[in-house]
Amino acid sequence: MKPVIALVGRPNVGKSTLFNRLTKSRDAIVADFAGLTRDRHYGNGRQGKHEYIVIDTGGFEPDASSGIYREMARQTQQAVAEADVVVFVVDVRGGLSAQDHDIANYLRRLGKPCVLAGNKAEGMQDSMHLAEFYELGLGEVHPVSAAHGQGVRSLVDLALKPLALPEIEEEDAAAEKNVIRLAVAGRPNVGKSTLINTWLGEERLVAFDMPGTTRDAISVPFERNGQKFELIDTAGLRRKGKVFEAIEKFSVVKTLQAIESANVVLLLLDATQGVTDQDAHIAGYILESGRAVVIAVNKWDAVDDYGRQQLERSIETCLSFLKFAPLHFISAKKRQGIGPLWSSIIQAYKSANRKMPTPVLTRLLQEAVQFQSPKRSGMFRPKMRYAHQGGMNPPVIVIHGNSLEHVTDAYKRFLEARFRKEFDLVGTPLRIEMKTSSNPYTDKQNS
């Protein structure tokens, strides 16, 4: 499970600059849910083998009437609660302020791992300006320059150190045991809890909460027709006696983590509300993560024929990038249409892990080129030689040849369609990578 780092601090200390540095670019922002997570942004970061989620909490300016805690509760408190470690950003050039003291007092009371980052410290590593921040009682001040990238790598190492992260291979333990890890993702009140409880009731399971750290999602193991599953909860599933009580509490971090750790994601939509921006955000993250996906539209019984037609068009338009995903229309409350979901989930899992032999891929590639060759780009005509599989979950096909950087997106989609049809790839993204062979005569010509 990816650890979560929250960036906390008063306005204009450089949190957003540090956020963009950690996530490499502004394009790395994966979720910005208006209204729900106002003034908080979520992004992906990576250091070495370890990936992590970063939360930029935005600044806050407490006034005399509201006080620090009310303002913290509105924006920052939720992010801090979701985080495994807090990076408290201060402005070395601006100096220590009363707000810094207020924030430090709050963080100390939480008892959560905290790293103090002295930003804007270009050329001030040994300056007396750093000394005053020791008054905050949060230990050593680590000088960084978010704008120039100085000290950022060591800051991340320090933040991740107390979390005792497992080796990457341990994350794949469930896959080795042929267990399908299934995450049910969706906005609040789309019916995730109802669907989960219906499943558990149908299977008459003795389910249990698996113990884990604060960053672990709750998992419910169960078996259906001989296939083992592990349901990753994003709805706040809790046990009450022998009955599970699901609490719909939307957490962006929990949703992102569940998607990352799943083999298959069931994206649940609400037929009565259509496809919203939040739905599209979640769908986009599923695609970005490379997870297999099945789409289910819940509360299908609550809309008339005209509403159904409008919804189908909305899905085709707003979620066109998931057109490879099986689409189901269900009513979790009335238990209608739920059975066929399992077939699609298993099919998506098998597609994501399908092995594709090199001879077959190369034959399909050659047949595709004979049927329709890639267009010339100026004086360059891409020449494709052979293909092989470069990975699974999601499946990756690597194509080798010359001048492949000139292959158009339209031609890649043409190839994707042919590969999908041959290998019956349903419910999984398919990534096609082009590798241009180096010219062995380049060095001789330049010598």
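The backbone N, Cα and C atoms fix where each Cβ goes, and this holds for glycine too.
Predicted, not measured: the structure shown is a model, and the values here were computed from it.
According to Swiss-Prot, the protein carries these features:
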BINDING   9-16, 56-60, 119-122  GTP 1 binding site
BINDING   186-193, 233-237, 298-301  GTP 2 binding site
DOMAIN    3-167  domain 'EngA-type G 1'
DOMAIN    180-353  domain 'EngA-type G 2'
DOMAIN    354-438  domain 'KH-like'
Review point. When the Cα of Lys192 (GTP 2 binding site) is compared with the Cα of each of the binding-site residues Gly9, Asn12, Thr57, Ala121, which one is closest?
Key: Thr57
Review point. So for Asn189 (GTP 2 binding site), how many other CB atoms are inside 10 Å of its CB?
Key: 14
Point to revise | binding-site residues compared (Asn12, Thr57) - highest count of Cβ atoms within 10 Å | key: Thr57
Revision key, fill the gap. All chains considered, the count of other Cβ atoms within 10 Å of the Cβ of Gly186 (GTP 2 binding site) is 27
Practice item. Count up the helix, strand and coil residues in the domain 'KH-like' (354-438) according to DSSP, in that order. Key: 32 helix, 24 strand, 29 coil
